[in-house]
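Over in TrEMBL, the protein carries these features:
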- Glu80: active site, proton acceptor (ACT_SITE)
- Lys179: active site, proton donor (ACT_SITE)
- Cys212: active site, nucleophile (ACT_SITE)
- 31-307: domain 'CN hydrolase' (DOMAIN)
- 1-22: signal peptide (SIGNAL)
Amino acid sequence: MLPSRPLLHAAVFALAVLQAFASKTFIAAVYEHAVILPDDTDEPVSPDEALALMNKNMDVLEGAIKEAAQQGAHIIVTPEDGIYGWRFTRETIYPYLEDIPDPVVNWIPCTDPTRFAPTPVQERLSCMARNNSIYVVANIGDKKLCNSSDPSCPSDGRYQYNTDIVFDPEGKLVARYHKYNLFRRETQFNYPKEPEVVTFETPFGKFGIFTCFDILFREPAVVLVSELQVDTVLFPTAWMNVLPFLTAVEFHSAWAMAMGVNLLSANTHNIDLAMTGDGLFTPEGPAAYHYDSETEEGRLLLAELSTRPRLSPTYHPAVNWSSYATSIKKFPGEKDTFLGAVRRDIFTFSELRRKAGNYTVCQGDLCCHLVYRMSNKSKDEVYVLGAFDGLHGSLIKYHWQICTLLKCKSTDLNTCGQPVEMAQTKFEMFSLSGTFGTSYVFPEVLYSGVELAPGEFEVLRDGRLKSKHGTSKPLLTATLFGRLYEKDLPHPLRTSP
């Protein structure tokens, strides 16, 4: 007699769990999805029309999930806004939302679809996980009704949240996270009353989850890693790339290295909005990443990662980010400096006039120190050392300290800080450091063509970002990107909903 399908599924799942527990690694996947967007409309569509659009996107995601599972992946992360896009007002997004219960209810939507009905999106995602025996991470919208007994209930009688959900290989809902740091355009959603820190245990480590803009703030990002000690962070995002410091692959890779965790970053793909760049990032650098600003296709990435990166013999020791820079006895600032804008931030720059040298630039409480030697400086290219110490942002203001070696867009110094993607100059060596007032500093090295430099630089315990054997490709930027969370201004939009 053949075993029943539920018993067979349980046996397969139990075997997979035992294998995962016995392994020190697991296979992770992320999918960069070219989202099928709804038509612009001022009026809400019907629930059937909304579901039809979401099913088109889920058809694509299901194909990626099946392929990842066939290649042995234990978990796959899909992007923020990956099921319905972002062209919404508060009213027009409502037909796309579902009521997502707290995971404590112990619910498998695939086998019990009517328990919290109507939940067709959760049911389908649950079945994708169950049918492929894989953890599935997705981003959808949650709705919660409220009434006048709740003094902060919105006038339309509901809360709406940008929400990540996770289903385990049995299809059970195991995590739900409401995005806390909404981007300024996300007026269709409410802010949670309190920041959520969501973790869950897997056979391959302790996982945490947050969304996109959250990564730039202490809550929940730093809390998950520094206080709750997660091993891996799941990161659905819709990241609009901003050179020279905030392209998805450079900042997300730097964040994983500085925080000492795995980061599974899944981005949406829309070249008109400069959305591209996802990856599987580790404390040692990117295990796999993808950046494509030319084509319209999505991309599946897989890589084998350590289950407990903190236990790795190659795990980086703690860094004192200001140790070297503050130990320099003579730390004179360059006399020949000028101001330049990186978007709205006014940096203090000094041009690197020689092929080799030792430069210092200061702004506020931050002094940046650079030792370098160029190997083939192009006559048509200008590089500068820059420092910024202050608040960033027009509406939501948060404090950055940045030391950067960067290529200017042209030989006109007024272009220093403007986006540039191509370079010709290589460096035989560079060493960058700064008198940072924070322990949260993210090291970035970006090559021509918006390419990362895995294995070609290191961070010394005294806070120096240093090339190992020179740059193998022309350099766009080498940056130490610091965050002083304690100096952030109160969020002007985050009020109790």
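For all residues, glycine too, the Cβ spot is worked out from N, Cα and C.
Taking the Cα atom of each, Glu80 (active site, proton acceptor) and Lys179 (active site, proton donor) are about 10 angstrom apart.
Counting only residues at least six positions away in the same chain, the Cβ atoms of Tyr161, Asn162, Thr163, Asp164, Glu186, Phe189, Pro192, Phe210, Thr211, Cys212, Phe213, Asp214 sit under 8 Å from the Cβ of the residue listed as 'active site, proton donor'. Take the CB of Cys212 (active site, nucleophile) and look out to 10 A: across all protein chains shown you find 27 other CB atoms. Mean predicted confidence for the domain 'CN hydrolase' (31-307): the pLDDT average there is 97.
In this view, Glu80 (active site, proton acceptor) is surrounded by 27 other Cβ atoms within 10 Å of its Cβ, with every protein chain counted.
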